[in-house]
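Here is the structure we will look at.
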Amino acid sequence: MSEELELESEFLPEEKSETIVPATVLTQSAGIERGKFRSLTLINWNGFFARTFDLDELVTTLSGGNGAGKSTTMAGFVTALIPDLTLLHFRNTTEAGASGGSRDKGLHGKLRPGVCYAVLDAVNSRQQRILAGVRLQQVAGRDKKVDIKTFSIQGLEISQNPTAVLTETVSQRQARVLSLTELKDRIEEQGAQFKQYHSVADYHAMMFELGMIPRRLRSSSDRSKFYKLIEASLYGGISSAITKSLRDYLLPENLGVRKAFQDMESALRENRMTLEAIKMTQSDRDLFKHLITETTNYVASDYMRNANERQGNIETALSFRKEWYAAKSEQDLSQHRLIDLSREAAELTENEKALEIDHQSASDHLNLVLNALRHQERIERYQEDVNELTEKLEEQKIVVENANEQLEESQLQFETLETEVDQIRGQLADYQQALDAQQTRALQYQQAIQALEKAKALCGLADLSVKNAEVYHEEFEAQVETLTDRVLQLEQKMSISEAAKTQFDKAYQLVCKIAGEIPRSAAWDSAKELLREYPTQKLQAQQTPQLRAKLHELEQRYQQQQSAVKILKDFNQRAGLSLETADELEDYHAEQEALIENLTAEFSEQVETRSTLRQKLEQLTALFEEKARSAPAWITAKSALERLTEQSGEQFEDNQDVMNFMQAQLEKEREFTMQRDQLEHKRQQLDEQISRLSQPDGSEDARLNVLAERFGGVLLSELYDDVAIEDAPYFSALYGPARHAIVVRDLNAVKEQLAHLDDCPDDLYLIEGDPAAFDDSVHSAQELAQGVVVQVSERELRYSKFPEIPLFGRAAREKYLTELEAERDKIVEQYAQRAFDVQKCQRLHQQFSQFVGLHLALAFQPDPEQQMREINQQRNEINRELTALSTDEQQLRIKLDNAKEQMQLLNKLIPQLNVIADESLSDKVEECREQLDIAEQDEIFIRQHGMTLSQLEPIANTLQSDPENYERLKDDLYQAIDMQKQAQQKAFALADVIHRQAHFSYEDTVKTETNDLNEKLRVRLEQVQAKREQQRDQVRQKQQQFAQYNQVYIQLQSSFETKNQMLKELMDEVGELGLTVDENSEQRARVRKDELHHQLSTSRQRRSFVEKQLTLIESEAENLTRRIRKAERDYKQQRELVVAAKVSWCVVLRLSRNSDVEKRLTRREFAYLSADELRSMSDKALGSLRTAVADNEYLRDALRISEDSRKPENKVRFFIAVYQHLRERIRQDIIKTDDPIDAIEQMEIELSRLTDELTGREQKLAISSESVANIMRKTIQREQNRIRMLNQGLQNISFGQVKSVRLVVNIRDTHAMLLDALSGNQEEYQDLFNDNRMTFSEAIAKLYQRLNPHIDMGQRTAQTIGEELLDYRNYLDLQVEVYRGADGWLQAESGALSTGEAIGTGMSILLMVVQSWEEESRRIRGKDIIPCRLLFLDEAARLDGKSISTLFELCERLDMQLLIAAPENISPEKGTTYKLVRKISGNQEHVHVVGLRGFGAKE
């Protein structure tokens, strides 16, 4: 993300030419200069778009008011220095006093959106310019996360400004921030090196190597310490986090001593484990030999047994196949003899099956005829009932229709009377509801008018009035009577026409059912045609069974004729002839008899030849068996010779070659023995030299340590233990023979003890001096090109050359130790090789001696297996000749069988020549089939329509005339009835008007008239109600009568449908039977059945006779068939066995070859043992193996799986598992061989040598408690001296009332007791260190618990506690004290000091930590690198001017840079000050910065 913002002003115009960092920094001085930070660059920070702060060599001050950006600038520096988000937390801008803080660790709010940079520019001691920084970017989301990526740039010129590198100028007042990818491209274009780091550890490793940070930060713990130091410096005061763990900051971890202890413990542990393994291997040697021997016998015997069985199975399968093929050949020859009788038997069987089918068909036909006759009787009976019911049903239908008409008329009259009663009741109600006469009269008048209007509308009379209403009423009454008479006439005519129409419709429906839909006019012609053909079709249907039987007989005879023709054709085709007459067939019969006699004689000659060859084969077999008996011993001798050839790499042609090689092997063994002894002596010398140089304090004689402790002094080598490897030759030559001297404080006090020394080196040097502040000014020395001249005394000079291999100082000793250890490892490897060569020669000579005694007489004899192969070739030739004879014999048999087969065909053809001669048989069959087709069609027609034709025949004459006027009469009747109803309605409306004539007149006496009118209406109502009740009774009677008639009709209809349904079912069943019966049908069916039964009995008698003859002839063929089947079954079973064994054998071979064990399993001598002997050998070995592997779960499971005889590959897997187990158990790192047997033999001697060697090494590596105590005391004393040196640099520091600062280091009482117990002679503690089951760490932990039983050790193990006790830092207590006013020395705590004093004291402690880190890392840093020193101080206003001057003086004295922040009232005289002012112009906010050089600075 790039942004374009307005560039900020850098410096004031008059100050642009001023350089903050002097140019002298970049010049190469005579000595090594300390690295310095040149500048800090902030890009796109809050208030700083592109700002570079040049840092002063001493103090850089950020001055400004609150919010000016001082803390932001320091935060940018800290972020670039420690870019670890898990540590960064700027508390002064987040939550004051909070321990956790917000999710924004004070960094997110200091950045602006987009790409941001914080870059440090430094120049190290090598005058290399390094730009190290971070790219920061806000991550979207409410968590306020920041993404950080670290990078570095090297190779830029000094003149290039970091701001110009990180931004791109867009215009005069605008610039764009480059992304990380764009920055990389730009740097590479300029020829510099850009590197991005994927972890903070890599970033800090680069900064350490280039001298930007004081120590290597390997882990997050180291980064946390560094950050806490920077944080304590930034916020000022005494940091409790540092003072509480001051040991971790000031005291370096003595990794060398600790690692030496761990290495010694590991070596001891490994030696003890190796010794136990050696003892176990020696005790298991006999078991291993027994295991490998029994495993080989167990697997190899089964392996060779399977190989022998596979070969035997193959040979057996080949013999079975040979026997099978021979039997099949015999079967092919014998089958020709059985063809005739087999064919005849087959034909008789087929004929019998056909007769059985015909007989069964005849029986079924007889049953069908009987069933059809019974159905026919029932059909006739049901047909009569149906006809009778049809007549009754038609009569009853007429009665029901008449009753229905009467009921409808009565209902119509009843409805008319009901309407009239309702009207009269309405009038009465209207009259009764009238309140006065006028209302009644008005109401009556309105109703009369409504009735008159209704009559006008209904009658269509516009001039209708009260006066002429009666005239019209009479006229309509006359019309109603006329229409009633017409309806009665039409009903009478309708009843007469309906009877004629019913018969016509019935006959027409029957014709349509048979002939399909036809016009009514063509119904009579179609009926005549059907009735005319009906008798002929009926007769043809009756003849169908006879025609079918006749056709069956003709077809059977025709099939016999075709079969005979086919046999004759096959015979001519096989024989290649065209015989047709009986004479020709008889002549050919005689020729075949002569041919059979000749073939029989030739067959006898071949039998004699085969017997001679078999005798010769038996002789060769006896010779083969003799060679096979002598082969195993020769194979064993040859295998032994081959093994010796492989091991020696020589080829032996005869016995003398073997003896010469044995003599040469003895000479070679003596030579190797001498070389081995020389290497052993040289290795012992190197071990002694390494042991002397491995002493932690540099003393080569352990007695010097005792003397130094006795005199209260320190070894000179211990004081110079940290000397650099470059200075080691100088100091080694400077002190010469006195390099192993003891430095004591008072020589006079020591002189008194010299006389009482018992055990001391021959030359003991003592030097007087302070061990805590010793220097090399003891002698007056002058360094020359190749050595050092030392003025020992006025009259004595000593010149010592620089040693080629200096041993003064730990670094020099470690370097030389590395070389000696490499040389010793090389000597050990050579010694092991020579020892192995000696053992190899001894073992090879022993094996040759054994070979000479057992196998030398047989090894060089001719190969018996080669002779056996030659014998096998001869046997195979004889077998081939026997196979050829067998083939010829089979061909003779085939010819003989063919001749016999032709004889059988001739015997069968001669009796059937008469049938073949009948040529008219096919025409008869076709003619009979056509007649049967016609009869079957008529039979189907009669079956479908016979009943319909019988019903049509009596009523067919009704079709001659069609009653077409029936429909017209029916329409006239309905029309007349409608007119009658309309006339009745009109007459009723006029009658209503007439009844209301009085309502049209007006009378004066209304009441009288009303009463009279009411009386008339009541009278009329009573009359009409009486008529209605009478009419209701009449309707009820009509309904009952109609219901009775209808019930009878329904019963008749139901009975008719039932009878008719049963009739249809019977007719369908008869139709399904597919035949038409008559009086003679039963007799014909019985005669046909009896005839077929007679024919079937005759055929069965003939077939029984033929089968008896066939059984006699087939007895030999059946025996041969059983023989073939047995041979085939045996062959297939054997072949399956071979195939299955092949699959398993392939798995075994592949497994053995891939595992390189095939050669070990192929024991050729086992091939001559029987299967029982091999199985017995395998079973014996299995019993022994079960006992041998009983304690090994893996081998026990593998052995159990291998016992499955169906899977021989499991035995090979077991063999491989045993060899793999042996390879794992033996010491493959000592003896290199692929053969476990050879390795076991080699290990026996090699392990006995290692036993002595490891026992001696364990004695050398044994750690004594006294030596541990001495090492601890020396290390503690050295660190105490170093702390005293640090205190010298803090003596003149003063802040306020604090006049001095110092570090106090003491040994803890509990650990002092432990040191005394380790170095003392208490016998009660030695049991812990003499226990081989405990390591030294565990022993020292147990001792610590004994001495301090009151201390709770928690859940920690003894090993963990012991490892902590081997760290000298846990023995010390380290505190900071200050000398303050009248109080004297006090412990440095923030509560006892003022703010300024606490800040100054804390800064002093941090300086000590930094200086200690630099010294600690001096050995692992480049010799030409002195790291940068820079600390921070925020809110420096809390210090007074004197304290600030003290800080400046401290920075100048310690060559340290300081970055402080202060309000505007702080203006130090030295260093560089930046005035920061935050300004807002428009919508943009930026910090205006002005850089000022201190006015007290020296040019």
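From the backbone N, Cα and C atoms, a Cβ is placed for every residue, glycine too.
In the shown protein chains, 20 other C-beta atoms lie within 10 A of the C-beta of Ser71 (ATP binding site). The ATP binding site annotation in Swiss-Prot covers Gly64, Gly65, Asn66, Gly67, Ala68, Gly69, Lys70, Ser71, and the record cites sequence analysis as its basis.
Residues annotated as coiled coil in Swiss-Prot, with sequence analysis given as evidence: 335-501 (among others).
Sequence annotations record features per position, and here Swiss-Prot assigns coiled coil to 540-622 (among others) based on sequence analysis.
Residues or ranges marked as coiled coil in Swiss-Prot: 666-695 (among others).
Here Swiss-Prot flags 865-940 (among others) as coiled coil, drawing on sequence analysis.
Summarising the annotation, Swiss-Prot assigns coiled coil to 1007-1053 (among others) and lists sequence analysis as the type of evidence.
The annotation coiled coil is assigned in Swiss-Prot to 1100-1143 (among others). When Cβ-Cβ distances below 8 Å are used as the criterion, the coiled coil (1100-1143) is approached by residues 306, 309-310, 313-314, 316-317, 320-321, 323-324, 327-328, 330-331, 334-335, 337-338, 341-342, 344-345, 348-349, 352 of the same chain, each at least six residues removed from its ends.
Mean pLDDT of the predicted structure over the coiled coil (1238-1294): 70. As annotated by Swiss-Prot, coiled coil applies to 1238-1294 (among others).
Swiss-Prot lists 696-813 with the feature region 'Flexible hinge'.
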Position of peak Cβ density within 10 Å, selected from the binding-site residues Gly65, Gly67, Gly69: Gly69
Proximity verdict for the coiled coil (865-940) and the coiled coil (1007-1053), three or more C-beta pairs under 8 Å: no
DSSP-derived helix, strand and coil totals, residue by residue, for the region 'Flexible hinge' (696-813): 42 helix, 25 strand, 51 coil
Sorted by sequence, non-Gly64, Gly65, Asn66, Gly67, Ala68, Gly69, Lys70, Ser71 residues with Cβ within 8 Å of centre, ATP: Leu62, Thr72, Ala1461, Leu1476, Arg1478
Three-class DSSP secondary structure - Ser71 (ATP binding site): helix
Cβ atoms near Lys70 (ATP binding site) (within 10 Å, other residues, all chains): 25
For Gly64 (ATP binding site), the three-state class that DSSP assigns: strand
Sparsest Cβ surroundings (other CB atoms within 10 Å) among the binding-site residues Gly64, Asn66, Ala68: Asn66
